[in-house]
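Notes for the one structure printed next.
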Amino acid sequence: MAALAGQDIVSTSKARVYADVNSHRPREYWDYETHPISWGNQEDYQLVRKLGRGKYSEVFEAINVNNSERCVVKILKPVKKKKIKREIKILENLRGGPNIITLQGVVKDPISRTPAFIFEHVNNTDFKQLYQTLSDFDIRYYLYELLKALDYSHSMGIMHRDVKPHNVMIDHDERRLRLIDWGLAEFYHPGQEYNVRVASRYFKGPELLVDYQMYDYSLDMWSLGCMFASMIFRKEPFFHGHDNYDQLVRIARVLGTEELFEYTEKYCIILDSRFNDILGRHSRKRWERFVHAENQHLISPEAIDFLDKLLRYDHAERLTAKEAMEHPYFYPVVVRAKELAAHVGSPSSPGTASPNSQQGGAATSTPTGQNSQGNSQAS
């Protein structure tokens, strides 16, 4: 789509946080190609119903016959063994982290040799229905829960690279959230050039759309910003491009073309010539222009400020997950959690609160899978 300018021009970039965490860990932590897989017994799981399908897998609700507990089985389509090992290693490294889907096991069909992942079950509500019903507090609460997962992942040296509503399971009755589908996730090493063919179109950061390969954790923060914009403005998706080129045009119509050129100049990026005819000239728009009668109850000065600090062309300017959690937008969530913790005498954490409360509260989070077809963990 685009090319980096002259080979003698250095346009390096490095994550502002957690840049060197993998270099401080033993090689076996991040060298997934040498990771041995511990295979379980496929006969321990009985498929109940299909939940969905994705590009790389089919997903089923199942029962673990040993303990009669529900789980999710993600049966992989033919894919390189390297990719399977990467996903397994990442899920194992992140196991037990806040709001990260739990990998319970890996099995293989004895005849087809097809691998399958076993995940914990989450009673997910399809986001297209759920997001239309969420209150202002609900949005703050669930975003805070998602940020916990992202900050943990980033602190462990891992970029998700496919943050989108389909990959965020929410059990609204239990106020429980899980970040799923780590099939595109990758270990971050400073200075490494990564594949830009990651993330889903509507959530691709500008760095991907201009072929800038030295991206980092901040890619996930752009995707989170796109999710947030669609939630508070009730516009899904917020940037609705027809292809990857049009996607950047849609972004430029909001963030401005001059600002885009400042970004490409800073990182020595030459835009693909195809943009010459389609980009046009656009001034930066105020976020307030997207407010209307149906969404104004979700808009506040702190919401606008938070969004503005996520949706930045320059990946280095975006809030980190940790900085995002400290933004005033989340003060009501933190205060509510402290009040509830004081009331029940439990450790104060914004992740605990009363279930079934539309305007507040939460239960500590647990997981499974989803795809655009429903409760799935397809990728």
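Including glycine, each Cβ sits where the backbone N, Cα and C put it.
Listed in TrEMBL:
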BINDING   K74  ATP binding site
COMPBIAS  346-379  compositional bias 'Polar residues'
DOMAIN    45-330  domain 'Protein kinase'
REGION    342-379  region 'Disordered'
Model confidence over the domain 'Protein kinase' (45-330) (mean pLDDT, whole number) = 98
Secondary-structure category, per DSSP, in which K74 (ATP binding site) falls | strand
